[in-house]
Ligand code: MSP
């Protein structure tokens, strides 16, 4: 049975456990969470998977440097990522580790399927390998002899390995790209992949000799080799969908609707992974969604520069929802963007404190003062076409534009207060005008809270709770309706959502 349209499966990359998480990892996870929550708003069932990538040379070396066995090492760091995931309030439904037995089974199964398709062969090989990328490079792709991402010289590897016939999939992938113009998103990332396809794909080494590296999944039928970490890691996306484990679950969720990742690993997801799936006779994911990189004050974040921003520090000081808002309001999804505390504080003061926080605060206060603290009588209102635009932006991962729209609405409601001056109207005995204004704003706030829910789930809940909605399951459909806020319902005042920052 084909997968149903009301089921949405999305994934984050699985994170390398060689080091603690930084703000770039949080960016990928939160972006995915925004989409997961938006899809639930649309009423879909969502399977949302994240996890950790635990094999390979990089991890083996990091464990060695710490003087502990690899399993002990990965257990500890993986736990750190699980904690971060909770801290970010991502609504994941599974956390996968590549050292789990279910994953070993899946990785071996897809290997066997590719082998059965005649796509795996053995040969002696010598190549330049960047351990930080876990990737071979050819001379022309290096910058003055160093890896363009890690700026380090690759190591010369020489051994007999298994190879995957990636070259065989150049033409099928071109055809697939032609037939699915939104497969890699956004377009500039699609173009980069097409360029590579035009040049033609080369076969790639997909195993390592156990003598050189034993920390990996054994190649089926050959104890002397373990799988190349990317072959193993990409497979996590089907492991978590039940491949090799639960056929019914697999039919329910595969193919994935979206794999989300940063641009440096696009190539693995848009070319190698689809080729592996074609080889194994499995359907391809619907979309590869690629975002840019975060820099810190204009510079690449790196341990050696010492400018790595830790998500915990930001959350501690400004609150999680501020962090989530800032990342997607300030930085256009898909391009690189700069993280700066100065810009974050500015957004906090203006958009969050001044615009949204104040709107909620003064509306609730005026309702208490002029309407005995209950929702005043209902005013007719129009369905706002802004929510159709919001939906279109969200569906296209244009989170910045979606937030801009919400803020236009927030500012419009603030202007309504300034224009209608309910305090003056009350004095002049125009109570029904006061009621009309306040109802319009309160019902508007219900809309705002729902539209913000994917971005700022706690803030949305807090706003809805003040409006008297408890345990409310927000749905996009209710943005198309006016008048769901019932008159007579008591408001529940609460402390400011975004109190002034203290030094
Ligand atoms: N383990 C691989 C992914 C395997 S998926 C089958 C990996 N892990 S990673 O931990 O290095 O990166 C995971 C994600 O974090 C990637 O999407 C990457 O783009 C993102 N980020 C890491 N640093 C980043 C920034 N500075 N900015 C934005 N995101 C970046 O690659």
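Positions of Cβ are set from backbone N, Cα and C atoms, glycine also.
Residues annotated as domain 'Aminoacyl-tRNA synthetase class Ia' in TrEMBL: 4-97. What TrEMBL lists as motif ''HIGH' region' is 15-25. TrEMBL lists 130, 133, 147, 150 with the feature Zn(2+) binding site. According to TrEMBL, the domain 'Methionyl/Leucyl tRNA synthetase' annotation covers 140-363. According to TrEMBL, the motif ''KMSKS' region' annotation covers 300-304. According to TrEMBL, the domain 'Methionyl/Valyl/Leucyl/Isoleucyl-tRNA synthetase anticodon-binding' annotation covers 389-468.
As a summary of secondary structure, the motif ''KMSKS' region' (300-304) carries 0 helix, 1 strand, 4 coil according to DSSP. Neighbours of residue 150 (Zn(2+) binding site), defined as other CB atoms within 10 A of its CB across all chains, total 14.
Using the Cβ center of 130, 133, 147, 150 for Zn(2+), the list of other same-chain residues with Cβ within 8 Å runs, in sequence order, 131, 132, 135, 137, 148, 149, 152, 154. On its own chain, residue 147 (Zn(2+) binding site) has 130, 132, 133, 137, 153, 154 as residues at least 6 apart in sequence with a Cβ closer than 8 Å to its own Cβ. In the domain 'Methionyl/Valyl/Leucyl/Isoleucyl-tRNA synthetase anticodon-binding' (389-468), the DSSP tally of helix, strand and coil residues is 67 helix, 0 strand, 13 coil.
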